[in-house]
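J.: Just dropping this structure here.
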């Protein structure tokens, strides 16, 4: 059977991981490659790197990062952050990225999804959607949830699918950072409405939250950052409990 | 030494990185003359099968590839190219394996692309899967699959239905999953191929 995926997410700036990381046996907690290797050894199914570098050198630093990861890591990974055009995506593909994640650039220019899917195949194109409830409706937000758009979340996800998205990474900004669990209501609604894989993100704080999101929504994957980085949840323990709850995982 | 067939379809960085990690020597094949220097070959490939076949045809390598008698491994779309036909682009392919590459239907229960780690069950004894337990997980990302065939299917995976995770005929092998992204068992498979 196809396994549900567990995906740690790493924020990277200027080639270094940001946000605290608290692995006891890590020589250099800021080295994304060492961290990625560590996660792959723990049984992570996939990794997401979110590059928040804001300099003019950003493409070059992203390409260097992707190459360094691809040289060392034997599981798939996605890179996102500031990918605006085909040339960005092409450079990252050739550096060994398995998938790219597009957020604001796709909202601002939806045709970019069509272009990327045509150029590289749908399997390469992950659409990341940050959503927040505004006046009772789920609305797509930009800039880390600070800037609301005109788009309703489910409508935008369905549009992205029809344009050639191969996967949806859905982050609830209302749940993100709360450690109170995933937004299972919205995730189920979205998962039941599309024929492409959905990654749940935002709100993971305990092992039960992962059990819940898979049982209640049947999403394909769950992503988290701090609970993994701070060692609050260890991936082997998480997978053991998922398995005990009859959720198919790779162990 | 493995010759990697270069025809402009997809990146090979992850594949060569995996071979580097394993200490397996490789070089690049751009022309028919390049084939001489190697004792086995990998046909990589991602993206659109029809488009990949056009690119492969434009290299002029097609007759030489069909005539290869050394171990040859197609990966993902590289494997699909060895079948007779793909629904992707309604394309006629190499026809080394007289079977078809078809599209997964896809619905809210069985998403397409088939993305993630799924179990692989060898159906025949073959050194390609030496040291890999039945039901090991390999990483997939694909919307098209090679039909299950009792003669050619070397290993199967179940998604919606049974399909060819791996195919084998004489010196030709194919895998639909990505061994270069499939953890230690993926690396074992590449190592096995380098010793066939």
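Just so it is clear, glycine is given a Cβ too, placed from its N, Cα and C backbone atoms.
Keep in mind that TrEMBL annotations are predicted by a computer and have not been checked by a curator.
I grabbed these lines from TrEMBL:
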DOMAIN    B:13-193  domain 'Glutamine amidotransferase'
ACT_SITE  B:76  active site, nucleophile
ACT_SITE  B:178  active site
ACT_SITE  B:180  active site
J.: In Å, rounded, how far does the Cα of residue B:76 (active site, nucleophile) sit from the Cα of residue B:178 (active site)?
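T.: Distance between the two Cα atoms comes out at 7 Å.
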J.: Starting from the Cβ of residue B:178 (active site), draw a 10 Å sphere and report how many other Cβ atoms land inside it.
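T.: There are 24 such Cβ atoms around residue B:178 (active site).
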J.: Just jot down the residues in the same chain as residue B:180 (active site), at least 6 apart in sequence, with C-beta under 8 A of its C-beta; none if empty.
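T.: In sequence order, the residues whose Cβ lies under 8 Å from that of residue B:180 (active site) (at least 6 apart) are B:14, B:15, B:17, B:18, B:75, B:186, B:190.
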